[in-house]
Amino acid sequence: MELEELRPTWDEYFIMLAKLAAMRSTCLAFPVGAVIVKNKQVVATGYNGSPSGTAHCTAQGYCYPGLSSCAESKSLPSRAVHAEANAIAQAAKHGISTEGSSIYVTLEPCLSCLKLIISAGIHEVFFETGFNSGNSLLVRDSFIQDGLVTLKQIHISEAIAQKAATFLMNPTSVATPSLI
Ligand SMILES: [Zn+2]
Ligand SMILES: [Zn+2]
């Protein structure tokens, strides 16, 4: 295989960073990571979890007492700040503009996050796993039709995923025979 093929595309690069951010998730529902990118530069990252300073779902062993996950209850709202919201909040906290940026997320944004994304001036969403269905899909598609935002599902190629695993499992910066 040509070495160039084993170099991640920008989309693969940023979604891999989002996957790494998801590893810091503190909610038991499922891990989600987000990376806000402007001009191919990372401006903020985020992952889902309860607000800064509150007990982490993962530390408590439950989201609400008696509820194993923030996604378990139909009536109780999630305790977690979503990854996209946390990334936007991080940018706000540090005074970094998100106007005209893109966001890479491991899960398609829920409607609340998508509205926040649009209002933050983020025009492009790249996600790995789909989320919206039913009426949420209708609202999502109306935002797309109004030209407010674009959404694109992306995946990491198997060769790149394998290379990433090798990089994580071994010291990265060592000479490989094929490069000498
Ligand atoms: Zn939770
Ligand atoms: Zn959300």
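Cβ coordinates are placed from backbone N, Cα and C, and glycine is handled just like the others.
Keep in mind that TrEMBL annotations are predicted by a computer and have not been checked by a curator.
The domain 'CMP/dCMP-type deaminase' feature in TrEMBL is assigned to 9-146.
Taken residue by residue with DSSP, HIS82 (Zn(2+) binding site) is part of neither helix nor strand, so it is coil. TrEMBL lists HIS82, CYS110, CYS113 with the feature Zn(2+) binding site.
The active site, proton donor annotation in TrEMBL covers GLU84. Taking all protein chains in view, 30 other C-beta atoms sit within 10 angstroms of the C-beta of GLU84 (active site, proton donor).
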Review point. Taking DSSP three-state, what's CYS110 (Zn(2+) binding site) in: helix, strand or coil?
Key: coil
**Study point:** Cα distance (Å, whole number) from CYS110 (Zn(2+) binding site) to GLU84 (active site, proton donor)
**Key:** 9
Revision key, fill the gap. Fewest C-beta neighbours within 10 angstroms among the binding-site residues CYS110, CYS113 belongs to CYS110
Study note, to complete from the structure: In all the protein chains shown, the tally of other Cβ atoms within 10 Å of the Cβ of HIS82 (Zn(2+) binding site) is 23
